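Just below is one structure, and these are the notes that go with it.
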Amino acid sequence: MTQQPTLFIDRDGTLIDEPKTDFQIDSLEKLKFERNVIPALLKLKNRYRFVMVSNQDGLGTDSFPQEDFDKPHNAMLAVFRSQGIEFDDILICPHKPEDNCDCRKPKIKLLKKYIDKKLFDPADSFVIGDRPTDVQLAENLGIRALQYHPENLDWDMIAEKLLREPVADPKGLGQPRHAVVARKTKETDIKVEVWLDEAGVNQINTGIGFFDHMLDQIATHGGFRMNVSCKGDLHIDDHHTIEDVALALGAALKEAIGNKRGIQRFGFVLPMDECKAECALDLSGRPYFKFKAKFNRDKVGDFSTEMTEHFFQSIAYTLLATLHLSVKGDNAHHQIEALFKAFGRTLRQAIKIEGNEMPSSKGVL
């Protein structure tokens, strides 16, 4: 059997809602599908094989009788089948963490057949799940993970990431807009790679979890793909890592955009959610930056909120762009996320190719 593109998909919290009370789906009343999971799987099924992989603590014991599991589980499968969605395999670990078994995710014994017989294509297979253990499972399998989240990475976004094909020659203008920038100092060792004309799965690892998520928001909302890796002096603080990634990313974007012929050049967005974020961008060739925001705490996770301004200032400097950013709101997490999303959306407008003209009366940018 040849290697196949495969999605190893978690069940509770990914395909169906996981109750936060007891984390067990043991009745039909608790069965609730995640939003748009069925339309997404219908789009994905022609490209990928589906394998369900799930930890079910104490399944078959008094704390979780088999019959209590079977009824909602079989109902879930019946709904999927009625819509044309089939799982090639369903792999379940019934053990609790304290049992120290070899099959509980993120361990890989459940998937031994797929590993030994090389049944999945490592270059085009993914683990989809809502927990860090799903991400670790992907690492143990040598493939990539998509950590599902109903707001930050929902099923619509997952389907878009997995199905967006590379655009080898956008608008017939020649080479694809791609760049690689490596930057090494005493404090950081960074590599940034961007593909402006394709979207897909971004591989980002800076050692700062919240920052990784924010960088992914730029690419996702910008409609492009990027890989970012950084080893920095986080034992001191996060300053050098965030600043140097911004400098490298700005340089990579500038290089990928190239001579700017045919681009829109300008972008402006004003998204309204619980926060009001405003972003205006001009790929002018002249760096200028203005920022207005107040945060009510010093940290979001392991990310210093004061570094938000410094990140965008640094990216404007190496991108050679005029950038205005502001946000109003009460929640620092939401404020910062709104800024990164707004920047991504604005960048999406500015780098879009519409013709072959130089967007400047001077004839050069």
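Cβ coordinates come from backbone N, Cα and C, glycine included.
Source: prediction; values computed, not measured.
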Site co-member for Mg(2+) according to Swiss-Prot, given ASP10, ASP12, out of ASP121, ASP124, ASP130, ASP154: ASP130
Cβ neighbour count (within 10 Å, all chains shown) around CYS101 (Zn(2+) binding site): 15
Packing count at CYS103 (Zn(2+) binding site) (other Cβ atoms within 10 Å of its Cβ): 18
10 Å Cα neighbourhood of ASP10 (active site, nucleophile): matching binding-site residues from CYS93, HIS95, CYS101, CYS103, ASP130: ASP130
All-chain count of other Cβ atoms within 10 Å of ASP130 (Mg(2+) binding site): 19
Average model confidence [pLDDT] within the region 'Imidazoleglycerol-phosphate dehydratase' (177-365): 90
Cβ-based neighbourhood (8 Å from the centroid) of the Mg(2+) site, residues ASP10, ASP12, ASP130 excluded: ARG11, GLY13, THR14, LEU15, GLU18, SER54, GLY129, ARG131, ASP134, TYR148
